[in-house]
Amino acid sequence: MTISLFAIRDCLEKEDLLKEFISPEGWHLTLSDTLGQREVTALSYDSRDVTAETLFFCKGLNFKEIYLENAVKDGLEIYVSEVPYEVPAQLGIIVTDIKKAMAVLSMAFYDYPQNKLKLIGFTGTKGKTTAAYFTKYILDVATQQKTALLSTMNSTLDGKTFFKSALTTPESLDLYRMMATAVANGMTHFIMEVSSQAYKTNRVYKLFFDVGIFLNITPDHISPIEHPTFDDYFYCKRQLITHSKVIVLNHEADYFPLLKETAQQQKVPAIVYGSQPAPEVDYSFAVSSEDSLRFIVESPADALGLAGSYHLRLGGDFNKGNALSAAIASVLVGASKEECQQGIAATTVPGRMESLTNTNGATVYVDYAHNYDSLKNLLTFVREEHPDGRLIVLVGSTGDKAISRRKDFGRVLSELADVAVLTTDDPASEDPAKICQEIQAHITKEMPVYTVLDRGEAIAHALSLSTTADDAIVLAGKGADLYQKVNGVDEPYAGDFALAEAFINKKN
């Protein structure tokens with residue numbers, strides 16, 4: 001891949017992002033023919049990964065001028081920045097917004113790979129990963145595994161080989177590189193989770209989706225380093241509506257009237273689904289009285305041809321809604337009802353509703369539920385499945401972000417748990433003991449509460465608290481994660497399922 005400096009100039013001018021060029025000869029608004037015809041062969045925002053042919057982006061709150069100085073010493077000649085730096089570079093390209101500039105230049109450098117793919121984007125406070133996986137399984141059937149996926153849990157650019165994601169939605173440079181790789185791998189469809197931070201920080205600036213899916217909205221990610229208010233969080237989430245050719249909306253989502261109004265105002269066609277028929281609902285589902293894993297899709301007009309019976313492996317009515325949203329999105333990009341039925345029936349999600357049996361016959365659930373709504377839905381489902389026993393819940397909360405979850409977890413534990421085991425979950429730079437204390441401070445119900453900071457020991461303790469086969473133990477928050485984020489380092493972690501399984505095997 002290459003791009004000329006003239007092409008870079010044109011991209012920036014088109015978006016009104018260019019301020020000026022700085023070279024040893026001075027400050028200018030234009031480029032000489034010699035300089036303008038020069039091409040760069042790589043893009044980077046890592047100052048340790050540059051050559052003379054790299055276009056380097058000076059971005060981030062933690063960026064320091066010394067990083068650029070060191071990069072220039074290593075041979076870097078061209079940089080993009082919001083401010084000029086006193087460095088002996090051949091060219092500084094000064095822009096009004098570095099994140100927007102990186103997005104549009106990454107698109108151009110990788111030859112607009114989004115235009116060569118069918119793009120499906122999911123947003124919502126909960127359910128994004130599960131709904132994305134349902135869509136992946138459906139489209140794998142429809143496209144013979146020519147579907148790429150970027151998700152919180154795992155990602156694949158060839159439809160088969162998975163790798164761990166660093167961010168829910170990657171930086172724009174990485175995103176377009178991944179899209180270009182997917183195109184080179186023969187992929188025709190591209191599914192991704194779109195976070196509120198992706199819109200707030202312009203990672204998906206100017207990116208439009210063939211289909212967007214808005215699952216739900218509840219307060220989350222509200223903290224000084226994420227979203228200062230719920231309004232800011234919700235506004236960023238709503239940007240998916242205005243950047244989709246068609247939007248799929250959940251009728252039961254909080255603030256649904258505003259979501260629908262946003263789509264109407266932006267003239268974005270909307271398809272509405274829900275758990276109950278209603279005048280505004282295009283597709284609803286009814287749960288089978290004979291089989292809790294079966295549901296019936298109903299529709300007054302059935303414009304997409306989706307009405308019929310579906311079976312899935314994942315329990316919980318909320319997963320039926322996730323499956324229905326995936327089916328609607330999949331049909332909009334070329335799948336058939338039969339392919340939807342086949343894909344939904346086959347879907348499994350790492351770290352979602354995984355279960356095993358404790359030594360005394362009690363069921364152990366491992367799930368990624370990591371905010372109020374997802375944990376409440378999970379615990380409600382488990383309560384319904386195990387009405388006669390105690391519900392033992394192991395949970396922790398992340399450090400340095402989503403601080404409001406600590407209060408939320410105390411609240412949901414008070415509402416639904418019988419026993420709580422508080423432990424470590426990606427504490428980052430914070431003291432996990434203090435995080436657990438904050439959660440416990442918001443538990444208002446009289447109940448046993450244990451704090452065991454070593455997560456492996458906490459899992460063993462939670463399982464040992466079960467006394468009958470009627471009990472249920474929920475290990476929440478980590479899902480299939482195989483690391484703990486501690487002080488900027490991803491420390492290896494065996495995983496909740498593996499640790500629970502090892503404890504059970506040792507006791508048997």
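Every residue number used here counts from 1 along the chain in the order it is shown.
Using N, Cα and C of the backbone, Cβ positions are placed for all residues, glycine too.
DSSP assigns Thr125 (ATP binding site) to coil, not to a helix or a strand. Taking the Cβ of Thr125 (ATP binding site) as centre and 10 Å as the limit, one finds 22 other Cβ atoms among all the protein chains shown. Under the heading ATP binding site, Swiss-Prot lists Gly124, Thr125, Lys126, Gly127, Lys128, Thr129, Thr130, citing sequence analysis as support.
Residues annotated as N6-carboxylysine in Swiss-Prot, with sequence analysis given as evidence: Lys237. Cβ contacts within 10 Å of Lys237 (N6-carboxylysine), excluding its own Cβ and spanning all protein chains shown: 26.
Taking Cβ pairs closer than 8 Å, the motif 'L-lysine recognition motif' (425-428) reaches residues 370, 395-401, 435, 455, 477-478, 484-488 in its own chain, all 6 or more past its ends. Feature annotation from Swiss-Prot assigns motif 'L-lysine recognition motif' to 425-428.
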Inset, instruction - List which of the binding-site residues Thr125, Gly127, Lys128, Thr129, Thr130 have their Cα within 10 Å of the Cα of Lys237 (N6-carboxylysine), in sequence order. - result: Thr125
Legend entry - Sorted by sequence, non-Gly124, Thr125, Lys126, Gly127, Lys128, Thr129, Thr130 residues with Cβ within 8 Å of centre, ATP: Phe122, Ala131, Glu193, Leu215, Asn216, Asn322, Ser374
Legend entry - Cβ packing number for Thr129 (ATP binding site), 10 Å threshold: 24
Inset, instruction - Tally the residues of the motif 'L-lysine recognition motif' (425-428) by DSSP class, grouping H, G and I as helix, E and B as strand, and everything else as coil. - result: 0 helix, 1 strand, 3 coil
Inset, instruction - Compile a sequence-ordered list of residues in the same chain as Lys128 (ATP binding site), six or more apart from it, whose Cβ lies below 8 A from its Cβ; state 'none' when nothing qualifies. - result: Phe122, Ser151, Thr152, Thr168, Glu193, Leu215
Inset, instruction - Compute the average pLDDT of the predicted model within the motif 'L-lysine recognition motif' (425-428). - result: 96
Inset, instruction - Measuring CB to CB from Thr130 (ATP binding site), give everything in the same chain under 8 Å that is also at least six residues away in sequence. - result: Leu314, Asn319, Asn322, Val349, Arg352
